[in-house]
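Before any comments, here is the structure.
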Amino acid sequence: MKDYDSKGIPHTTPRQSATYTLDANSDIRRAAATGIYDIRGGGAKRKVPSFDDLLFLGASISRYALEGYREKCDTNVVLGTRFAKNPIEIDIPITIAGMSFGALSGAAKEALGRGANAAGTSTTTGDGGMTPEERGHSSKLVYQVLPSRYGMNPDDLRKADAIEIVVGQGAKPGGGGMLLGQKISDRVAQMRNLPKGIDQRSSCRHPDWTGPDDLEIKVLEIRELTDWKVPIYIKIAGTRPYFDTKLAVKAGADVIVLDGMQGGTAATQDVFIEHVGLPTLSCIRPAVRALQEMDMHRKVQLIVSGGIRSGADVAKAMALGADAVAIGTAALIALGDNDPKWEAEYNKLGTTAGAYDDWHEGLDPAGITTQDPELMSRFDPVEGGRRLRNYLKVLTLEAQTLARACGKNHLHNLEPEDMVALTMEAAAMAQVPLAGTDWYPGKDKF
Amino acid sequence: MCGIVGLFLKDKSLEPRLGELLTEMLVTMTERGPDSAGIAIYRNGGGDASKLTLQSENADEDFATIDADLGNAIGATVTSERNDTHAVLSVPSDKIDLARDALSKIRPDVRIMSVGETIEIYKEVGLPKDVAARFAVEKMGGTHAIGHTRMATESGVSTLSAHPFSTGDDQCLVHNGSLSNHNRMRRQLRREGMVINTENDTEVGAAYVSWKMKTGSTLGEALESTIDDIDGFFNFVVGTKDGFGVVRDPIATKPAVMAETDQYVAFASEYRAFVDLPGIDNARVWEPEPATVYFWNH
Amino acid sequence: MNTVDLETQSLRSLNQSLHDLIGTTEKTKWTVLNPKGAHAIAAGIDSPMDITIDGSAGYFCASMNKQADVHIKGSAGPGLGENMISGTITVDGDASQNAGATAHGGLLNIKGNASARTGISMKGVDIVVHGSIGHMAAFMGQSGNLVVLGDAGEALGDSCYEARFFVRGEVKSLGADCEKKEMRPEHIEFLKDILERTGADAKPEEFTRYGSARKLYNFDVDNASAY
């Protein structure tokens, strides 16, 4: 394009709309062509205030640091100390979040078990029941009770080391799931008792209870079913964390799992993922306040999930009051999901490494979120497990590094006061002061 | 989120036992609502007097001379009967509005729980058995009564947030469920002149029913219109001077069970609240249908 | 014969005694006195037994049952036989909402009425209701059979998969993707057997069959209003 036209008038640069962006326009065209909302996997992709907006205050003169690698900084955590006869003790405060067989291949579930075992932590089933691969390779396995109850049976319930009643997921608080036909293979169909090849709808409410008063009775039932042996977790999406935490405690939870909006899902409506729920950063303080008001902080353990990627994220979540964190998406990436080595194949699917989120379509080039035998064969569960173990070790070492720098002999001793915020948003959400000041929005200091 | 119990007597010979029967039902619903409890009881009414049930955090001081003070203020004879943190004042019915205004001046911190010819409301924070004991509910007789045990969801644990709610003379409402359009409806009802004191969704339900009745609906019609206008999940049980009504939302996930014999009609969130009622083994026991109004009148 | 009186013994000790039998094969007999609407009575049994509950039960009675024959002499609260795998549950009175929710197998025999969401998300169980059922019965029902001698409420079989419904009386309305089906000889045979087994006073020919129209199995924009 020339800078001037034939009359010598300067050419103006065509201006793209900030409202009707190229992204927005392509969504409109897609909707017009298909008549159905976009369904995808993963968590919120939009930018939200996050742990990246917090910094630790290392030790200096007023505080003394611990010597790295020599002076101990413990990482173990016991989950389920309130009512269960057999609480779960894990070596690191990082657990593997619930992901279903169906969404993941059997080999991927096996790799999660292998990695978690080697790192001394637990894994979690998902919507679709418990597979032998998973039980066999996970020494500590949390069994989810979900609204659809696919694959739910009392034998597996009694084999579990903890039970997690899933009320909500950060990716879709108040919504159900969606697994499109391509992935309902013979084995998935048989485990879920569904016709092969159909679109599977998952319900948004449990079939046999609604509300905290009935949840309390549901918890009692599961305690009776499992003879009060194992911890009962209640997983909630980050929407009204203060109220929901209180109600989960009243309903009898041993452990609360709190999942923010960056938390992933196998598949649901994009509009849900991007427009419902709270950023993880903003969920933790209200939940911890609820626990403290009930004198239940550290007595009912709080596991936070949704966008945990690094040891810094782990340490920050714990400093805000979490007892542990859970990872899902990051674990899949550690196994090899979205690896640039498959770039050519991602391009064939119309996407690129890092952006691939059509996990429900079952075409995952990395062989993880698929039920296709040929794609699955690309994934080696032993190697995958080793990679996950390495990643978990790094997360732990990083978190310890930060904790030692703050003078802590246990990750649990990190406090909100060990941090500052880089942005007003993060300061308000995490209720820690803006860096270099002594105030944060929402506190009566100005 | 809660437990509800209600008992509407048809047989006068049971009236002296109303409080005793209701207390047993209420205490059975403790797990459903351990935060606070309350009852509305209809009794000893009629004549030219109306009752004001009051609650105070500072009852010794507030209630010591309230009968004389209020009597002086409105120029009428007022009698008062204290019951723990509550007191029931008897005021000539034609002076009731005057009494309300005077109270806000002479006892600004005292809360009005209910107003009416026969209704009395008692509610406090605490376990249902303790709340029932402090007011000696089991010694109360009456024609009908509604009780509620509360597990607070979004509004706080306080006396004012406890149920029942009364927003009209001799009217009360309790609720189990969760309303999803109560904020908008609260604003609308306030514009219509209804007084709503809390952020509690149930109080909006109560005010809605009172508003409907104030504008000409019968209790039955008011309950019918909750199905169209109130969004969310609810079981409402309401009381009026001589009536008792029940309505459930169309989805009807919150539990509700009813029992009827020649002697009474009873409502509860769970069957186990009925087990000590006389003749329950031969009662007609059923679940109220969704989006269907039930009511009984004396 | 083992008798447990819930007036004097705890629910926990009852259920623990029943669970202690898991893995045994000898058939035992149990009676539970004074249930008084308590929750989770006989939840999680997995051994052959006859167990009689002498009164009305609360939520989740005999949930996840395997092998046992459970008889409730009164009524049952919400979630009766929730996620049952096998065995039978018989209720002399009514069942509250969500009876047989997500149940995979066995037989649930309700002599009275059942209320909302009977057989919700059923996954293989057979349910016979001698009276009538409430709304949203067998919502998302995957497989198994729901037989109703009386009437069905609104939205029967909404969003169902391969579960089958047989109703003798009126159906107030059918749910999304549920339709009337023809009765074939195999359905008459099935009904004949199950009516006999449940002591039901009805003839197979009096029933109408309903099931999935299978239009929601794979998304089609023209059916979007049903979502």
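Every residue, even glycine, has its Cβ placed from backbone N, Cα and C.
What TrEMBL says about this protein:
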DOMAIN    A:81-336  domain 'Glutamate synthase'
DOMAIN    A:360-408  domain 'Glutamate synthase'
REGION    A:117-137  region 'Disordered'
*Determine which residues of the chain contact the region 'Disordered' (A:117-137) at the Cβ level, with the cut-off under 8 Å and only residues 6 or more beyond its ends counted.*
88, 90-92, 94-104, 106-107, 109-110, 143-144, 146, 148, 150-153, 156, 159-162, 164, 177, 188, 191-192, 202, 266, 326, 381, 385-386, 388-389, 392-393, 396
*Within the domain 'Glutamate synthase' (A:81-336) only, compute the mean pLDDT.*
94
*Would you mind splitting the region 'Disordered' (A:117-137) into helix, strand and coil residue counts from DSSP?*
9 helix, 4 strand, 8 coil
*By DSSP, what is the split of the domain 'Glutamate synthase' (A:360-408) into helix, strand and coil residues?*
31 helix, 0 strand, 18 coil
